[in-house]
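Residues or ranges marked as Mg(2+) binding site in TrEMBL: 79, 153, 155, 156, 298.
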């Protein structure tokens, strides 16, 4: 288990390196920001390059984890299909090959004639990542990898990754938008119960180096298995007045109900993963989302870390239904092994009842009590 935790962190660091590379190197960045519309859309290849960046990071994580832990092969899941159409109309399955040259050749089949871009990506895919983290190295746990499965969100908040500003001033410690909200999320859950047990969140664009001006990242991890609760972070301190972070698209009725609870001040940010991270870091106490617009890959990794800190994520609709039925105690939390019957594609894995993420159960209770009176929830 300790080896698996380290492997998840290493995979997140390699993913973060690739994400930074695509922003830093001009041959890649020009492809990343290229806008394809109208008759020219997808003329060169079926998906935009940003989709290839997502898929490549996803496949690198699958490859590296599956190679080190064969028990996980076939149980590492992501959002994106890894099949692309070449300029000649042939189907290309993006994967990590045995050598950098083979991987570069495969990528060139999708990106032709962008040879330099293909080679830059291949070199990053095949790099070795070393960790210098004494605290992580000292973690000793015991859980069979064959009991686990993985959800990957290779680049959460893709729109901010592509076009987000690099110089967004935070408000109360929270960036309302921008590149810093683009994250790599890797979460492990119990195959049988669906309960999240391991989570890694990587911030590839945490800050710029003062000398080189290159982006530097950081990562956070958490373990919640049985009675074990371990994290790279300490639980945030108590807050008398709950600080709630929302999407700007949140329903007006929800915003109006929560505002008095929060002393008249609500917080806003981009990206589901980033808003969950704000709760983990203690920048907000609760994240509320009333719509089913997040997915298992958005929530699995943050959920494991929240559980390690004493909190969790519940389905908003289910929590309110339980409350109205007279149920007491903490509502059931999200699980990650149950697709929605009758749904297709990504919607099979939607968190369709909305969600509430928290660290302090008292804040969860206060938010649910407030939203209980909102019509339509």
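Here the Cβ of each residue, glycine as well, is placed from N, Cα and C on the backbone.
Bear in mind that TrEMBL entries carry predicted annotations, made automatically and left uncurated.
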In the structure shown, which of the binding-site residues 79, 153, 156, 298 has the fewest other Cβ atoms within 10 Å?
79
Near residue 155 (Mg(2+) binding site), which residues of its own chain have a C-beta under 8 A away, given they sit six or more steps off in sequence?
19, 53, 54, 57, 161, 182, 183, 184
I want the residues beyond 79, 153, 155, 156, 298 whose C-beta is within 8 angstroms of the mean position of the Mg(2+) site's C-beta atoms, in chain order.
54, 152, 154, 157, 158, 183, 185, 273, 295, 297
